[in-house]
Amino acid sequence: MPVALLALAVSAFGIGTTEFVMMGLLPNVADDLGTSVPTAGYLVSAYAIGVVIGAPLLTALGSRVPRKKMLVLLMALFTVGNLASALAPNFGLLAAGRVLAGLPHGAFFGVGAVVAARLVREGRQARAVATMFLGLTVANIVGVPAATLLGQHLGWRATFLVVAAIGLVAMAALGKLVPYVPMEAGQNLRQELRALGDRQVLLGLLTAVFGFAGVFAVYSYLASMTTQVMGMAESSVTLVLALFGIGMTLGALAAGPLTDRALRPTLYGSLGALALVLLAFDYTVHVRWAALATVVVLGAVGFMTTTPLQILVMRKAAHAPTLASASNHSAFN
């Protein structure tokens with residue numbers, strides 16, 4: 001695999017850490033800012049709002065920007081958003097910082113997926129995209145648990161300062177390792193919008209919306225479920241988050257080669273399995289060992305949907321894939 005994929009994976013690691021760490025820090029943030037956990041949960045939504053708005057907007061604004069430069073600029077915005085979150089004096093400004101940090105998320109993965117696919121030969125594109133996504137999944141094994149532990153001991157602000165530092169490292173890696181990737185001939189915003197309006201692309205985006213909603217519904221309150229439903233100590237939250245990350249990584253590792261071999265069977269199979277696991281979790285959450293096992297499986301089947309959906313959308317918008325690819329990440333959120 002090209003070394004440039006490492007830079008994309010490092011960036012994905014930082015993005016994954018800041019996206020998911022708030023779920024583990026909700027009780028700490030709520031206590032520090034004097035609000036309830038459900039109210040603090042809006043900070044998760046604030047990030048998602050940034051993703052939904054930023055993916056199409058920033059991709060459209062950067063449609064003529066060289067892709068390597070675009071990736072670096074998006075990580076710069078990511079770094080500023082996390083720094084703003086760390087320095088926010090109240091709930092409102094923290095929410096604004098979370099929106100700002102979320103703005104480049106979808107655009108980065110949209111542009112990054114197109115770049116990753118262009119770096120490899122035909123037949124290995126899903127594996128290249130899955131390699132970038134491995135940074136996101138490893139963040140849930142290492143980044144999120146470590147950042148949660150850091151936030152619990154040194155305060156949640158320290159977590160976002162560290163994530164901002166990861167953003168700086170990612171910017172340097174992108175600038176050093178990612179080669180120049182030419183734009184498609186004749187590509188412009190009008191062509192991108194036309195591709196986004198394709199019926200098959202829209203169907204893929206709707207599938208992402210409804211297919212992944214259940215995963216986020218569970219994951220957003222996983223920390224609270226760990227302590228209040230499973231009856232485990234707060235220190236166990238990092239373990240549960242790591243188990244979810246292990247599942248995500250297993251799903252990403254399996255999704256790449258399976259998607260290259262048989263895209264639609266992989267997509268349909270993972271979506272069907274996801275529905276069954278979400279139904280089962282309503283029962284297994286009350287039995288500790290079963291709940292922990294379900295968390296791993298949920299991470300695996302949930303993340304197995306992302307690579308085939310990403311490749312499907314990119315193929316259906318083959319002549320102008322960037323906006324469709326980025327919008328897919330809006331749909332996931």
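Each Cβ is built from the backbone N, Cα and C atoms, and glycine gets one as well.
Copied over from TrEMBL:
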- 4-333: domain 'Major facilitator superfamily (MFS) profile' (DOMAIN)
- 38-58: transmembrane segment (TRANSMEM)
- 70-88: transmembrane segment (TRANSMEM)
- 100-120: transmembrane segment (TRANSMEM)
- 132-152: transmembrane segment (TRANSMEM)
- 158-181: transmembrane segment (TRANSMEM)
- 201-223: transmembrane segment (TRANSMEM)
- 235-255: transmembrane segment (TRANSMEM)
- 267-285: transmembrane segment (TRANSMEM)
- 291-313: transmembrane segment (TRANSMEM)
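If you look at the transmembrane segment (267-285), the same-chain residues 6 or more away from its ends with a CB under 8 A from one of its CBs are 207, 211, 214-215, 218, 225, 229-230, 251, 255, 259, 291, 293-294, 297-298, 301-302, 304-305, 308-309, 312. Contact between the transmembrane segment (132-152) and the transmembrane segment (70-88) is not supported: fewer than 3 Cβ pairs lie under 8 Å, counting only residues 6 or more apart in sequence.
Between the transmembrane segment (235-255) and the listed ranges 100-120, 158-181, 201-223, the one holding the most Cβ pairs under 8 Å is 201-223.
No contact links the transmembrane segment (100-120) to the transmembrane segment (201-223), because fewer than 3 Cβ pairs that are 6 or more residues apart lie under 8 A. Under 8 Å from some Cβ of the transmembrane segment (291-313) lie the Cβ atoms of residues 113, 117, 125-126, 129-130, 133, 137, 140, 200-201, 204-205, 207-208, 211-212, 215, 218, 222, 229-230, 240, 243-252, 254-256, 258-259, 263-264, 266-267, 270-271, 273-274, 277-278, 280-281, 284-285, 321, 324-325, 327-328, 332, all in the same chain and six or more residues away from its ends. Looking only at the domain 'Major facilitator superfamily (MFS) profile' (4-333), the predicted model's pLDDT averages out at 86.
Of the candidate ranges 38-58, 158-181, 201-223, 158-181 contributes the most Cβ pairs within a distance under 8 Å of the transmembrane segment (70-88).
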